[in-house]
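Here's what Swiss-Prot has on this protein:
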type	residues	note
BINDING	ALA12, SER13, GLY14, LYS15, SER16, THR17	ATP binding site
DOMAIN	4-201	domain 'DPCK'
Amino acid sequence: MTLTIGLTGGIASGKSTVSAMMRELGLPVIDADEAARAVVRPGEDAYRQIVAAFGPGILQTNGEIDRAKLGAIVFNNEEERKKLNAIVHPAVRQKMLAEKEALVRSGTKTVVLDIPLLFESGLTSWVDKVLVVYVDDDIQLRRLMERNGFTEEEARARICAQWPLAEKMKRADAVINNNGTREETRRQLLAILKQWDALEK
């Protein structure tokens, strides 16, 4: 029986760090952001639908979708954003589920689904255990400003667009506190995975 772990957190909470640690431990990680990039590549169904919906003006000279141009169209326009999400979200879900099913069929002991918006997208039914990566608000804000070059106002707006981390923690099966060092984070991760019997013997 395969154990499916849903890995999530807040923006700049250190989820990617934990995801990388899980890969290092030999766990297969299916990443929602990677899937979202894959489904909009030239030749994919979602790519064709996006070009049909938004016109060839969103393409770069090499035929790939210009994410900045598309982003500018959908960022401040709720209707356009809904139109894009209605194309991309089902394609991403289909891709992730297909990858998960293939791993389950091959008898993999544990599969990790790395989904930033696990709760917001209502996908908790996909997983057996939810692992939330947490940091204090001030650290989250500082990391986001440093990492993305955001002003404090921009960083706060990005954080507020997601569920509060405190709410995610309440619904989690386990929480990793990522305020400290990488080693402290790794220790917590190992303890949780051992408790869940998630690692190959």
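Cβ coordinates come from backbone N, Cα and C, glycine included.
Given the structure is predicted, the values throughout are model-derived calculations rather than measurements.
Of all the binding-site residues listed here (SER13, LYS15, SER16), the one with the fewest other CB atoms within 10 A of its own CB is SER16. Neighbour count (other Cβ atoms within 10 Å of the Cβ, all protein chains): 17 for THR17 (ATP binding site). Counting only residues at least six positions away in the same chain, the Cβ atoms of VAL133, VAL135, ARG143, ASN178, THR185 sit under 8 Å from the Cβ of GLY14 (ATP binding site).
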